[in-house]
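A short write-up of the structure that comes next.
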């Protein structure tokens, strides 16, 4: 394995050690041990900047299941490096923050950091994997780890509810995405992302193109909380704040963004890709921003703001995909500008949203509440928290001189350029997208005002809090201060990211737009003069202030709408319906009778086999090679059939047991006739022991005054029995007939020819069981051994007098 492979899986390796560190080093906060890893990984990945900034790619492969085209291939290009740096960099700050946020005395830190490391490793696997199946495995691990982190405080009902919702929605999307990956393999013959991009013509010309696209986007939309799948994200805020700052602002919710960006070279250029991304992105942007203003909880506001910002990035990726559609017919920088804005805002969002989640956690930690109706006047009490929050909110609102202003202006520029597009009906619908995005920006500015004024201004009321409010300790402030500082640095000096981060990432998203050696020439600057984008920003500020001042007039109606979210109602109703339906089916099926369970399995087998044989016209009988049946075999068979048919009509249990034993002995006799003495001996032993055990069981049963009972005739059982006999016979005869027709020798011929040669045995039955099916037999013996151990344990427990056994 290469160093890059070890770096990818290193969080999983450290997670194995965490329980031991937690147990034997209780005096040291477990987070200090964990902190070292993401910091080292961040420094390790920084060294790749010199490679990716010149267009280089690093790739290493370890075969996993090469026969199926599945290999553990890790590769670093501009896009994967951007996400790797976000995962490890933000991860370092989040773990540092968690050390002071979570008490080592009261919290189960071993669980928390195991889950967090598992999530970090899964995210690294997602962004560094070249193989789609490996990516899918890590993708589902992110869902699992996220669910565990959300339900970290599992004693809270809302935590488990949020974890379940997150798991169900994202795993549903993951399964759909796996279907899309499978279709891509069918079209191209490879699971390699780079291989698929190289064979993109095979994808675009296939009739499976659209189904694959929709399935892949289902995975991306559910993971990145796009409308209408966004409903899991607000409920995920029940997780500890370090989890919210990490998973739901900088990493997990960006996994869908990564997938869309990574597969843009495959699907971009089609109207369906353009409109699915742009349409769902704009709706998500608008829905998230309007929902945020209706929240009363700080983390609730930030959750919906995250939904909104993810919609913004998705919209930009959709608009930027036009660069591949137009190719060299227009200036590459014209539409690729949207991709540049998406990447830049991806970074900006991680900085300002991460800092805001942390300050929200600080406020909750130090005041005991996140309810904006109780908060107020914290500006003087918590000056550092106030300063960091002000920077983050100003950036999120799109105010200069912060980085959020730059990416918001770039967003407006991309929207206006899209209206000039003479494709995808943008000449008709382009202005609608601009208007919806502008309205969403107004509400974005509005919820930033609400957070700021409701939390930090006004009169401080100590009676609203159960604790004495004070500023957070310095250790808890370090991480949000660093992120807040980056907001300012990237605002004043955005081009420090231009050729090291943004340019290489753009080349990975749009590899076919430029000729070899050409660059996108990323250049971001603050002042563009008095243009349409600036006037749009001024309009956003003015409209946002007016709505804030008129808040008393519309707030009551907005909060009323919040309590009646149709999407959450639909989810809850659907889940309740599934549970009710499952309980109904369970009551019908789980009768506690073994014969019913056998009937279910047998009926399913009959239906499946019957459909298959009728569907493919597989019924055939060939009597040319049928061996003549000897008279004594006829006698044995007739007695066998008569004994079997008599069982339902016997009204004494002991007699029925004896007849069943007779059937077993007749079967053993047939084995002797067909020269299988070992099978005959085994059958004789089994039947003898079974009959004796049943007789012994009758001895220990309670005494019954009347042993005889009246047998009941069941038509359904008769139909099932006839169906099984018919189809098993039909399969046997059809297999022989079709095999003879196709010139295929029966499989028994192989064992006849190779039993002595390959296994050194003359008894084919023994050779099959011990050699050709040796592994199967070994596992059967293992199962029997486990069952025997279980019986011994039960007997010993019973002998000790345990009444609960």
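Cβ atoms here come from the backbone N, Cα and C positions, even for glycine.
Range 332-354 is the one annotated as transmembrane segment, of 332-354, 401-423 (source: Swiss-Prot). Ranges compared are 244-266, 497-519, and Swiss-Prot records transmembrane segment for 244-266. Long-range Cβ contacts of the transmembrane segment (474-496) within its own chain (Cβ-Cβ under 8 Å, at least 6 residues beyond either end) map to 93-94, 96-97, 99-101, 344, 347-348, 351-352, 354-355, 358-359, 362, 365, 384-385, 387-388, 391-392, 395, 400-406, 522-526. Among the listed stretches 332-354, 656-674, 778-795, the one sharing the most Cβ pairs under 8 Å with the transmembrane segment (80-102) is 332-354.
Long-range neighbours of the transmembrane segment (244-266) within the same chain, counting only residues 6 or more positions beyond its ends whose Cβ lies under 8 Å from a Cβ of the stretch, are 79, 83, 86-87, 90-91, 94, 97, 116, 119-120, 123, 126-127, 139, 142, 146, 149, 177, 184, 193, 196-197, 200, 203, 216-217, 219-226, 233, 236-237, 273, 277, 299, 302-303, 306, 310, 313-314, 317, 320-321, 324, 339, 342-343, 346, 349-350, 353-354, 357-358, 361, 505, 508-512. Only residues 6 or more beyond the boundaries of the transmembrane segment (597-614), in the same chain, are considered here, and those with a CB under 8 A from a CB of the stretch are 589, 716-717, 720, 723-724, 727, 730-731, 734. Residues 69, 132-133, 135-136, 139-140, 142-144, 146-147, 195-196, 199, 202-203, 206, 208-209, 211-216, 218-223, 229, 231-232, 259, 266, 575 of the same chain sit 6 or more residues outside the transmembrane segment (167-189) yet have a Cβ under 8 Å from a Cβ within it.
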